[in-house]
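Novice: Below is one structure. I have some questions about it.
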Amino acid sequence: MQRLKQQQQQQQVMMQQALMQQQSLYHPGLLAPPQIEPIPSGNLPPGFDPSTCRSVYVGNIHIQVTEPLLQEVFAGTGPVESCKLIRKEKSSYGFVHYFDRRSAGLAILSLNGRHLFGQPIKVNWAYASGQREDTSSHFNIFVGDLSPEVTDAMLFTCFSVYPTCSDARVMWDQKTGRSRGFGFVSFRNQQDAQTAIDEITGKWLGSRQIRCNWATKGATSGEDKQSSDSKSVVELTSGVSEDGKDTTNGEAPENNAQYTTVYVGNLAPEVSQVDLHRHFHSLGAGVIEEVRVQRDKGFGFVRYSTHVEAALAIQMGNTHSYLSGRQMKCSWGSKPTPAGTASNPLPPPAPAPIPGFSASDLLAYERQLAMSKMAGMNPMMHHPQGQHAFKQAAMGATGSNQAIYDGGYQNAQQLMYYQ
């Protein structure tokens, strides 16, 4: 009986320890009680009180939608006081004013993302642009790996434990009306922004662990002011302006197939062109056609053969983001690839040096390995003599053409020869 009690006590202690360990992953700001009435994700300023609002903003409206049709659709959630449609060339937007707040809230919850003429509309609270603080001179951080249920309000609650947090926005897809899985948070004080990056990265928000970094190039060196004329972070990434109007640009990098270049920032001074090529080649995102590094400025570019490959490289590059001890920042290059640019894939980079073996040793071994694969033989990697076979292959290939087997191409073995 005594032994059973001891086992139960041990189990309780273990459960308490596990609970404490789990809670340590959460930031105090993430443990805030849920709101009584959820606020949908969108362009909503922190501190905005929807209980005083009876109007909704409607964006991404198909050009065939008329004002009477828009009013008819939104009248389904409650009596409409007035409706205004503002027509644009590619997509329109409008405002619907209800007699009561509950009808407006129901419209947001039930109509956001619904399709009109095959195009999903965006519905959110309408507000005057003066209700949002000007954050153009604030310090902005990027927040990635957001779960689909995270809203602007949840994101702001998470970071509002820092006194100078001024704004928080989740980016959402123009076509689907869904979260794009990342957002931006603004701070009046640079130190608060840096502390947030250090403390909240890896913490849980919703169902995922989030990651944080500076949203602009050069932020860690004090050059973190936005240098995008008067455009906000939201305009530049999601096509939504400060006043809730649609500014979608079909030529934005994510929408333009001519963009095939990845910008890589925050590179360590010792990172060379070969190092960057080797890192992105190891990701296996696609065919690399050009690699450039500005070592004195700490950034570089990697050009792929297609837009899709470049997009995948950005995603993977920000996931596997450390090179020479620094966390890289990957995004779209500033210019599209000129039409008619010839496709010339780069040969695979030379393998990284291994202590005890020279580059020529590695090249010779790779050549022997490739030849054995082509002949249907077992790779020398399984040779019982191990490194002896490695050295033997290297010595036997002295003076001959050297080759690298590109293991990234599983369907077609390629030999890239060097004199």
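The backbone N, Cα and C atoms fix where each Cβ goes, and this holds for glycine too.
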Novice: For the feature phosphoserine in Swiss-Prot, which residue out of Ser179, Ser230, Ser241 does the record point to?
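Specialist: When Swiss-Prot is consulted, phosphoserine appears for Ser241.
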Novice: I'm checking region-level scores; what's the whole-number mean pLDDT for the domain 'RRM 3' (260-335)?
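Specialist: That stretch averages a pLDDT of 88.
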Novice: Under the DSSP assignment, what numbers of helix, strand and coil residues are found in the domain 'RRM 2' (139-217)?
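Specialist: Summed over the domain 'RRM 2' (139-217), the classes give 19 helix, 31 strand, 29 coil.
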Novice: What are the helix, strand and coil residue counts for the domain 'RRM 1' (54-128) according to DSSP?
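Specialist: Going by DSSP assignments, the domain 'RRM 1' (54-128) contains 22 helix, 29 strand, 24 coil.
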